Amino acid sequence: MVELSTLDWLVLAGFFILLLGVVGMSMRQKEEDTADYFLAGRNASWLVIGASIFASNIGSEHLVGLSGSGAQSGMALAHWELQSWIILLLGWVFVPFYWSSKVYTMPEFLERRYNSASRTFLSVISLVSYVLTKVAVTVYAGGIAFKTILGIDSIWGIDFFWISALGLVIITGIYTVLGGMKAIMWTSVLQTPVLIIGSVVILVVGLDQVGGWSEVERINDANLHLIRSASDVDFPWPGIIFGSFIIGFWYWCTDQYIVQRVLSAKGIKEARRGTMFAGYLKLLPVFIFLFPGMIAVALKEKGIINYASADQAFPTLVAELLPSGVKGIVIGGLVAALMSSLASLFNSSATLFTIDFYKKFKPESSENHLLQVGRLATIVIVILGILWIPVMSLIADVLYEYLQSVQSLIAPGIAAVFLLGLVSRRITPAAGYAGLVSGFVLGMIRLVMLPFKDSLANTSFAWIVEMNWLYYCILLFVLVTVIMIVVSMFTKAASEEKLQGLTFRTLGKGTMKEVVDGLDKWDYIHTVGILGITAFIYIRFW
């Protein structure tokens, strides 16, 4: 439990006042069409793009969950936070295709590369998974996090979980509906430094209290390695190297939730540099979220603090180490993380519905009408998020983790479809659709069977649920790739005209010229810098 002083509450109040000011400023820029509302008028700078990518990625699972993972298993989960190089792939390799195509959504891009069926299928998968898993998980986790950290059971006889969860959804929903992507991206510029400052303070104070990094290393010696043996139950090194790349590629390079930020750029150069800024920021979570968990272990070993479970490591550090005022900054960082993630989910979901469903089936709709539909869709998604909270509270942690696994099972198929589609002109429209469907079905087979793992033991289906989840991810990717290649051998490829600008071989000369003209030495310096820091961390903690 974190007891907040008057100064802490004043700091939190100041944060919300600044947030309201930023939202108000963004709302003064009138939205006239869907590009304004969903893509911030395609006028975002690298600073705003990078901050928005980072803030959208960070949720309560980082502040609380990643610290808990650091306390429990050390550096094992750091791989997922060392994917800055994949964000660079988005900027260097995929942005030219996405931005030049002027699409609003990733399913829309798939329609251009493959066919309408592929667009519809991916839209349905994405929208359902956002509303029923990402939105629900974020809201549920936020409510639990606030109740745990603040230690408040109820107010006026109402469970504080409900108060915090509903408050989070309603406040975030209001500024998302009214301000659209501009409000989301500009609030990210405020939320990102608040998030980082609060977490850095915990790191610095924790290291000072424990006696320096050498003490943390000494006490956590068994959990300091990134690379585990191939027989490790949870994180075998072949699975980590290949499986984490597949999931990371899907998330950073093809997921609407992230890519929508670079689609908002004023040009390819700004989009690329936005991913570089995000790449630098993405290097921070290992230090400011995971390391504090390891520091908590060392402090507990020395008898300085005490906590019952790993997930209590973060709130215990906040409660027992931080002075008044600073606690308010950290809680503000938690609020910032949750709101930015939730706002991005609301807007991305509304974009998918408006562009991929409503506009597709009512193409005669005016821009003003689509703008109103987008706002209404956001409101509906906010309401669905609220209605889903009771379900999440009933199914508790077991199914909460079960729902999160949905993303790791749908990622391989989607990643294969995007990657092969850009690499080869010979991958046919039918193959693209077959890849999406087969990847989804094979993923769902495991998902449906997981609850019955014990009863399936010693049966011919046991391997499906007993295989390490990272190895299963790799297997799915390989199977979908093979299916797409085989289907392409027996079906008709798209015409050269249709493929213009959609594969490496057919990228337009104008787009290539814009890419080349926008390059200077700093692009290479920053890229080498990010890769160098990542390599250093891997070598240091190998």
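Note: Cβ is positioned from N, Cα and C throughout, glycine not excepted.
Positions annotated as transmembrane segment by TrEMBL: 6-25 (among others). Residues 175, 178-179, 183, 186-187, 189-191, 194, 324-325, 327-329, 331-332, 335-336 of the same chain, all 6+ positions outside the transmembrane segment (6-25), place their C-beta atoms under 8 angstroms from a C-beta of that stretch.
When Cβ-Cβ distances below 8 Å are used as the criterion, the transmembrane segment (78-99) is approached by residues 53, 66, 109, 226, 235, 240, 244-245, 248-249, 252-253, 258-259, 262-263, 265, 267-268, 271-276, 278-280, 282-283, 285-286, 289-290, 422, 501-502, 507, 511-512, 514-515, 527, 530-531, 533-534, 537-538, 541 of the same chain, each at least six residues removed from its ends. Marked as transmembrane segment by TrEMBL: 78-99 (among others).
Annotation source TrEMBL lists transmembrane segment at 120-140 (among others).
Same-chain neighbours of the transmembrane segment (160-178): 19, 23, 27, 139-140, 142-144, 146-147, 150, 152-154, 184, 187, 338-339, 342-343, 346-347, 375, 378-379, 382, 385-386, 389, 393, counting only residues six or more beyond its ends whose CB sits under 8 Å from a CB of the stretch. Per TrEMBL, the feature transmembrane segment maps to 160-178 (among others).
Annotated transmembrane segment per TrEMBL: 185-207 (among others), in sequence order.
What TrEMBL lists as transmembrane segment is 235-253 (among others).
Annotation comment: TrEMBL describes 274-299 (among others) as transmembrane segment.
A Cβ distance under 8 Å defines the sequence-distant neighbours of the transmembrane segment (329-355), meaning residues of its chain 6+ beyond its ends; these are 2, 4, 8, 11-12, 15, 34, 38, 52, 55-60, 62-64, 104-105, 107-108, 123, 126-127, 130-131, 134-135, 138-139, 141-142, 145-146, 149-150, 168-169, 171-173, 175-177, 180-181, 183-184, 187-188, 190-192, 194-199, 201-202, 256-257, 260, 318, 322, 370, 373-375, 377-378, 381-382, 385. Look at TrEMBL and you will find 329-355 (among others) tagged as transmembrane segment.
The transmembrane segment annotation in TrEMBL covers 376-396 (among others).
Remote same-chain partners of the transmembrane segment (402-423), defined as residues 6 or more beyond its termini with a Cβ less than 8 Å from a stretch Cβ, comprise 94, 97, 106, 110, 113-114, 118, 122, 125, 129, 132-134, 136-137, 246-247, 249-251, 253-254, 431-432, 435-436, 438-440, 442-444, 446-447, 450-451, 469, 472-474, 476-477, 480-481, 484-485, 502-504. Annotation comment: TrEMBL describes 402-423 (among others) as transmembrane segment.
A Cβ distance under 8 Å defines the sequence-distant neighbours of the transmembrane segment (430-449), meaning residues of its chain 6+ beyond its ends; these are 110, 113-115, 117-118, 121-122, 125, 402, 405-406, 409-410, 412-414, 416-417, 420-421, 456, 461, 464-465, 472, 476, 479-481, 483-485, 487-488, 491-492. Sequence annotations record features per position, and here TrEMBL assigns transmembrane segment to 430-449 (among others).
TrEMBL lists 522-541 (among others) with the feature transmembrane segment. Sequence-distant contacts of the transmembrane segment (522-541) (same chain, at least 6 residues past either end, Cβ-Cβ under 8 Å): 75, 78, 82, 84-85, 88, 92, 224-226, 272-273, 276, 279-280, 283, 286.
Here the transmembrane segment (185-207) has Cβ contacts under 8 Å with residues 15, 18-19, 22-23, 25-26, 40, 44, 47-49, 51-52, 54-56, 58, 63, 175, 213, 216, 261, 264, 281, 284, 287-289, 291-292, 295-296, 299, 314, 317-318, 321-322, 326, 329-334, 336-337, 339-340, 343 of the same chain, all six or more residues outside its ends.
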